[in-house]
Amino acid sequence: MTDKTFPKVTVLGTGVLGSQIAYQTKIRGFDVTAYDINAEALAKARTRFVGLAKIYQQEVKGADTANTEAAATGIQLTDDLAVAADADLIIEAVPEILAVKRDIYTKLATLAPERTVFATNSSTLLPSDLVDATGRGDRFLALHFANRIWQFNTAEIMGTPQTDPKVFQRVVEFAKQIGMVPIELHKEKAGYVLNSLLVPFLNSGMALAAGGYAEPAAIDATWRIATGSPSGPFQILDVVGLTTPYNIAKNGDAAHQKLAEWLKTNYIDKGKLGRASGEGFYKYND
Ligand code: NAD
């Protein structure tokens, strides 16, 4: 293997995405430390890593019991942010709250050495919203992963006007080294590439069903058969879970708020939250 772009990686936040990023980076041979706020969160993190080991054994080609278990136990855990002093790359996956993110970057700005590059996994904030808190605009950018990173392995990379192009390219290389397909954005865009395509697509599907034009199953069938795609909008919505699109739509304009209301009355209030709850637009037996 070529030299590791960032030998020592620290991941901040070990929730849904942070745990996956830490685990994927570790299994690809990097030295990984994961940070979270307290002992309880760290205990949960270790449980998540053990769960990921099982998932990789079942779903990832070439993953065996030995290497998946070694990755689960090999990630160092800490609740001391001073760990930043030893990191070449810090990937931040803390809650999607501007004040929380800005606070952590302000602390990192003094704790991390010159060489350290900071990357945010934020889905809805732009790196420009955070850059002044980092104290290192040239070494800061967004590196955005998708949920179920081992399967949906895009890494969207998006800088601010201040990001050094060499740093950007090193992060592109890093993404490849951990098994991602890097998607390079030339300038900032809310929603990156994926959500810029997906959100309007899902909203269009919902508008057709909510407007009484066709049933969800018919809309999905149209999309699958006519385009060769494996899933239609409602199949995707069931996997995402209905709460996330509801929260997005509820904060939109009048048309989006109508969609939110439709989702709430017909599905969410009836406990139909998507695949994870056993029922959404479809029923699931697993
Ligand atoms: P999550 O709520 O599952 O996890 C957040 C973690 O951060 C928790 O472990 C929490 O204990 C920890 N945390 C809380 N406050 C903290 C602090 N001050 N410092 C450090 N850690 C703290 O959230 P998530 O879904 O993993 O999302 C994290 C980030 O990843 C967000 O920016 C989100 O937009 C992004 N993201 C999420 C998804 C997704 O599908 N969930 C996909 C792509 C990107």
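Here the Cβ of each residue, glycine as well, is placed from N, Cα and C on the backbone.
Features reported for this protein in TrEMBL:
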type: DOMAIN; residues: 8-187; note: domain '3-hydroxyacyl-CoA dehydrogenase NAD binding'
type: DOMAIN; residues: 191-284; note: domain '3-hydroxyacyl-CoA dehydrogenase C-terminal'
type: SITE; residues: HIS144; note: site 'Important for catalytic activity'
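All chains included, 25 other C-beta atoms sit within 10 angstroms of the C-beta of HIS144 (site 'Important for catalytic activity').
HIS144 (site 'Important for catalytic activity') carries a strand DSSP state (E or B).
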